[in-house]
Amino acid sequence: MTTSILSANGLSKSFGGHAALADIDLQVEQGEFIALLGPSGCGKTTLLRCIAGFLKPDAGSISIAGEDVTALAPYHRPLNTVFQNYALFPHMSVVENVAYGPRRKGAPRAEAMRRAEEALDLVGLTGFADRMPARLSGGQQQRVALARAIVNRPKLLLLDEPLSALDLKLRKKVQRELKQLQEKLGIAFLFVTHDQEEAMSMADRIVLMNRGKIEQIGRGPDIYRKPATRFAADFIGEANLLPVKRAGEGGFTLFDGAVSITNGSAPHAAKLLGIVRPEDVAIVTDQALTGFVTVLASVEDIVHIGSHGFVTLRTNGCILISRTTPDTISKLVLGATVHAGFRSTDVHIIAEQAP
Amino acid sequence: MTASWRTVAQLAGLPALFFAAFFIAPMMVVLIASFTTPEGAPTLANYFRILFDSYHWDVLWVTFRIGALTTIVAVLIGYPLAWYLVRIVNWAPWRRACVILLVVPLFTSNIVRSFGWMVLLGRNGLVNDTLVSSGLIERPMRFLGTELGILIGLVYILLPFIVLAVGNALAKVDPALEQASADLGAKPFETFWTVTFPLSLPGLMAGAIMVFMLAVSAYVTPALLSGGHITVFSMLIFQQYSSVFDFHYGGALGITMLVLTLALVAIAGRIGERRSV
């Protein structure tokens with residue numbers, strides 16, 4: 001039996017009657033890169049702080065590498081954290097910041113300094129050892145925070161929106177570097193973010209959270225193709241959410257019966273919701289496409305953003321958005337009637353929960 | 001261009017005038033008096049009189065010793081008190097009550113408060129009564145007319161400065177820094193010693209310097225609590241101005257005190273600066 005690096009069981013935490021975490025179960029395996037994704041206030045940071053030991057959960061337990069740490073103080077937990085605003089010690093130089101961890105763990109000064117220099121090399125900050133944190137750029141501070149957190153080689157690294165303070169271009173670059181570093185070190189990363197693109201591009205698995213609960217756990221592409229809930233479909237990428245009615249064994253209708261499809265994986269529920277990604281919706285002006293189910297629709301809005309564009313279509317009271325090429329868009333005019341089509345296999349059907 | 005110069009002159013002029021009228025002018029009057037004879041001839045005699053008289057050095061030594069002890073005791077009491085108010089009390093009304101208790105005495109006259117201590121510290125005062133009845137001492141202690149009495153009075157009066165300066169510094173320490181320290185394996189005391197305390201040091205230094213300067217220049221409290229047995233430098237200055245009417249000698253005493261105090265504060269500041277880097 002392999003032990004998970006992190007195992008959280010039944011974690012709950014509420015603040016003044018508001019449930020920030022409700023019965024959270026989460027396992028993180030050796031060397032995994034996990035993104036904790038969700039909108040602000042969904043509980044992802046609360047979960048991280050419970051794992052780090054800065055918050056005490058109301059119920060549930062946390063184990064790290066098989067050891068129950070629920071009652072342990074932060075300084076006894078075998079993990080490290082990269083804080084949102086880096087939390088670098090302003091009165092210490094870069095190398096002193098990084099050597100702080102080894103020093104606290106009892107390493108002699110010379111060895112702590114040597115290990116700190118190594119960690120700084122690893123994050124590409126060779127030669128910055130004697131600078132003060134205030135004299136560094138945001139990106140450099142972020143690297144110091146990272147070096148400080150990995151210098152003790154923890155089993156688990158928690159990262160609390162570490163890139164949110166960086167500008168977009170730098171963030172993309174740091175994302176790649178962070179991913180490479182994680183693979184090189186083999187440390188499990190638990191990475192909090194509200195940016196779904198960041199989560200999709202970096203994480204092995206995404207833990208999608210909403211309102212203190214886990215909505216779905218899975219690989220990014222799996223959540224994208226087969227979202228478990230309306231929230232998951234809406235939060236990760238763009239989605240057309242269409243009411244679906246059951247029509248006989250394995251058969252379903254959309255757009256008030258205008259389109260019929262078959263689907264073997266639909267759940268048994270009273271209310272159903274069909275999810276179609278915009279890039280799966282094709283537009284043709286004059287004829288029906290072969291292999292597609294099509295519906296007549298009128299063009300309501302066109303947004304052109306360079307490499308591609310979004311066309312908003314109205315059909316039988318439903319809105320359908322299509323992501324299409326500039327070429328197709330150039331042939332469209334507002335108000336025109338077109339055929340919109342998609343493969344029936346591109347429709348993912350889920351149960352619509354009561355709101 | 002001329003308009004902007006006029007604006008600058010107007011904006012900078014008023015504060016400059018204020019400083020000139022209220023700080024520089026009186027200072028100059030004292031400074032000039034200290035370097036002149038009653039007839040108005042320039043002289044260094046006033047300073048020679050101070051520097052070559054061991055009595056003055058004895059009084060200076062007492063003054064700065066009381067000032068230093070006051071600062072040390074105020075820091076030792078004030079730092080934990082500030083910690084308690086900022087870090088331990090989390091019930092806002094109680095914290096507010098504590099701060100008010102701390103600050104309200106500053107609004108009352110120094111004289112009233114010093115008289116209060118005279119009553120408390122007297123032979124049959126509350127302090128002696130308590131100490132004797134609790135069995136800590138057999139006979140009432142003499143506080144009035146001792147350095148201990150002056151020290152108690154000064155610490156009481158100057159404590160709020162330390163508490164407010166340190167409390168302000170502690171409140172500004174980002175909790176994330178202490179969490180980062182704990183995250184890296186530091187136990188609570190290590191976190192205090194390596195992170196929180198160094199970051200509160202500038203506030204502590206500012207408070208300590210303020211207390212020291214106010215303690216060495218204090219007049220009312222030492223005068224009332226000394227009972228005529230102890231002389232501090234500000235009393236010498238007061239005598240010259242109010243009884244002897246020798247403004248030249250008195251001015252020289254004042255300037256000597258000022259220069260020595262500034263020198264000590266500068267040295268302390270330099271030491272503090274080197275520490276914090």
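Note: Cβ is positioned from N, Cα and C throughout, glycine not excepted.
Worth saying up front: this structure is predicted, and the values here are computed from it rather than measured.
Among the features that TrEMBL reports, transmembrane segment is placed at B:12-35 (among others).
Long-range contacts of the transmembrane segment (B:59-86) within its own chain (CB-CB distance under 8 A, at least 6 residues past either end) are made by residues 95, 98-99, 147, 150-151, 154-155, 158-159, 161-164, 166-167, 170-171, 204, 207-208, 211-212, 215-216, 222, 230-234, 236, 256-257, 260, 264. Marked as transmembrane segment by TrEMBL: B:59-86 (among others).
Residues or ranges marked as domain 'ABC transmembrane type-1' by TrEMBL: B:60-268.
The transmembrane segment annotation in TrEMBL covers B:98-120 (among others). Cβ atoms under 8 Å from those of the transmembrane segment (B:98-120) belong to residues 85, 89, 126-127, 144, 149, 152-153, 156-157, 159-160, 163-164, 220-221, 224-225 of the same chain, restricted to positions at least 6 beyond its ends.
The transmembrane segment annotation in TrEMBL covers B:148-171 (among others). Sequence-remote contacts of a segment are chain residues at least 6 beyond its ends whose Cβ falls under 8 Å from one of its Cβ atoms, and for the transmembrane segment (B:148-171) they are 66, 69-70, 73-75, 77-79, 81-83, 85-87, 102-103, 105-106, 110, 113-114, 117, 121, 196, 199-204, 206-208, 210-211, 214-215, 218, 221-222, 224-227, 230, 232.
The transmembrane segment annotation in TrEMBL covers B:192-213 (among others).
Sequence annotations record features per position, and here TrEMBL assigns transmembrane segment to B:250-271 (among others).
Sequence-remote contacts of a segment are chain residues at least 6 beyond its ends whose Cβ falls under 8 Å from one of its Cβ atoms, and for the transmembrane segment (B:250-271) they are 30-35, 46-47, 49-51, 56, 60, 63-64, 205, 208-209, 212-213, 216-217, 233-234, 236-237, 240-241, 244.
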